[in-house]
Amino acid sequence: MWVELAKNLAKDRSQVVPISLFVAVLCLCLIIGHLLEENRWVNESITAIFMGCIAGTIILALSKGKSSHILTFDEELFFIYLLPPIIFNAGFQVKKKQFFQNFLTIMLFGVVGVFISAFIITSGSRWLFPKLGFVGLNVRDYLAIGTIFSSTDTVCTLQVLHQDETPLLYSLVFGEGVVNDATSVVLFNAVQKIDVTRFSSKTFFRVTGDFLYLFFTSTALGITSGLLTAYVLKTLCFARHSSIREIALMVLMAYLSYLLAELLELSGILTVFFCGILMSHYAWHNVTESSRITTRHVFAMMSFVAETFIFLYVGMDALDIEKWKMSKLNFGTSISIWSTLILLISIGRIAFVFPLSALSNYMNRSHSGRSKITFNQMIVICWAGLMRGAVSIALAFEQFTFYGVTSDPLNATMITITIIVVLFSTVVFGLLTKPLISCLLPHHTISRERSKDLKEDMVLPLLSFEESAATNINRAKDSLSMLIESPVCTIHSYWRRFDDAYMRPFFGGPHNNQSPS
């Protein structure tokens, strides 16, 4: 017994050393990122990647070419511990007014756009890879490649954009980035259920049905979790005894919603994202002022550390000699595969951004208070989605490795290809983001897009039982005409009135637009 105990203690101590080293490198990365804070050309993602490459080179030299890692990446680690705070913070910090005013456009980009992009990348890779000498992948692998490389990373663009100067553009880029990640993961999970031996025309409808089921049930679970948390905080008044409890409850309920979604085989990303939105809209108003400040910074801190952790590991993994040795592709073929994927990603991006932007402008043509997406803004939106990030890496590891390890040359090749695409797109496209935006949206031409308040644009009172039927019928006619002319704004106006009249009194929150974001 004592021998076994000693072995377990020795094993635990052996794990402490690499974790300590990785945390030390993470701290150094944060310090360097702080020193580069005023230079918006190099963001935290690029800094973390460079630091990972430097650390990987040092470890590779010390291990005499055996390994470039301090830790072994486990996709379960990403999906269970690192991804939830990133997505929850995105929902918690989102500017809800801008997000829901542009909700239809964001959903077009984040949902329809992913399907279009995934189709182009899947079709193109299945057609071109064999011609380039890369064979052996099955149908599910190609479908997975389409979803893996449809997941965007808009951090570089968001760090250059100014939310106060370009609220419409910022809202579209931010909103699409979050919805895009959620859609990619949901679509990836739906693809895993496909029986490739019976692939037929009905498969598309089956995938679409699974996607819609996962999308709406996950959203409903997130909304329920957020409302339940708000109601408990409002009813029990935790702050009378300790503000620590109310902060802990918000954190744990958010994490519980994610875990429940995973246990029920739903999308934890969608669940925790909408849970974050509902918590910021209701639960945040039911806690003390000190708790409000604390929650904002705690959620942002956890998200920041998780993202930096991922990109730091990506930099190290780029120097994984074992995967490079395992890959049987020569250097020329590898370059051809990387270039083909970058080209397919670009074509897939262009194929939906410009048509869907034009469609959005057409749908908003009758509403004079809504800003239209200009051609230069379309280019920025298109560019923002060319970069690939943490979700692409995690999905690739889940598809092509087993707990971060693979012995299959094809799978090892796909991991190295994914890492190179992420590195290239993040570093090259990321470094070019600032000059591109400076050229397309010079500061002196940026106008502050002031969207008119819906209360001024639309006076649409709810139907009243206290007034005559004729009056209510006239109101219904006016509402129907406005709904046809400007559906999103009309629905949003009614929602705000319903929210003030029924939801806020029950779940919490003042009758104004105060929010944590």
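Glycine too: its Cβ is placed from the backbone N, Cα and C atoms.
Bear in mind that TrEMBL entries carry predicted annotations, made automatically and left uncurated.
These numbers come from a predicted model, not from an experiment.
Taken from TrEMBL as is:
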| type | residues | note |
| --- | --- | --- |
| DOMAIN | 26-437 | domain 'Cation/H+ exchanger transmembrane' |
| TRANSMEM | 16-36 | transmembrane segment |
| TRANSMEM | 48-65 | transmembrane segment |
| TRANSMEM | 77-94 | transmembrane segment |
| TRANSMEM | 103-122 | transmembrane segment |
| TRANSMEM | 168-191 | transmembrane segment |
| TRANSMEM | 211-232 | transmembrane segment |
| TRANSMEM | 267-285 | transmembrane segment |
| TRANSMEM | 297-315 | transmembrane segment |
| TRANSMEM | 335-357 | transmembrane segment |
| TRANSMEM | 378-397 | transmembrane segment |
| TRANSMEM | 409-432 | transmembrane segment |
* Kindly say whether the transmembrane segment (335-357) and the transmembrane segment (378-397) touch, using the definition of 3 or more Cβ pairs under 8 Å where each pair is 6 or more positions apart. => yes
* To do: Could you tell me whether the transmembrane segment (168-191) and the transmembrane segment (409-432) are in contact, taking contact to mean 3+ Cβ pairs under 8 Å with a sequence separation of 6 or more?
  => no
* Structure fact -> Here the stretch out of 16-36, 48-65, 168-191, 211-232, 297-315 with the most C-beta pairs under 8 Å to the transmembrane segment (77-94) is 297-315
* **For the transmembrane segment (168-191), sequence-distant contacts whose Cβ falls under 8 Å of one of its Cβ atoms, 6 or more beyond its ends** => 87, 90-91, 94-95, 98-99, 101-103, 105-107, 109-111, 113-115, 118, 140, 143-144, 147-148, 150-155, 157-158, 161-162, 207, 210-211, 214-215, 218, 265, 267, 269-270, 273, 371, 373, 377, 380-381, 384-385, 391, 395, 398-399, 441, 449, 451
* Chain residues in Cβ proximity to the transmembrane segment (103-122) (below 8 Å; excluding those fewer than six residues from its ends, i.e. six or more beyond) -> 142-143, 145-147, 149-150, 171-172, 175-180, 182-184, 187, 215, 341, 344-345, 347-349, 351-353, 356-357, 359-360, 363, 373, 381, 385, 487-488, 492
* Given the cut-off of 8 Å on Cβ pairs that are 6 or more apart in sequence, determine whether the transmembrane segment (16-36) and the transmembrane segment (297-315) share at least 3 such pairs. => yes
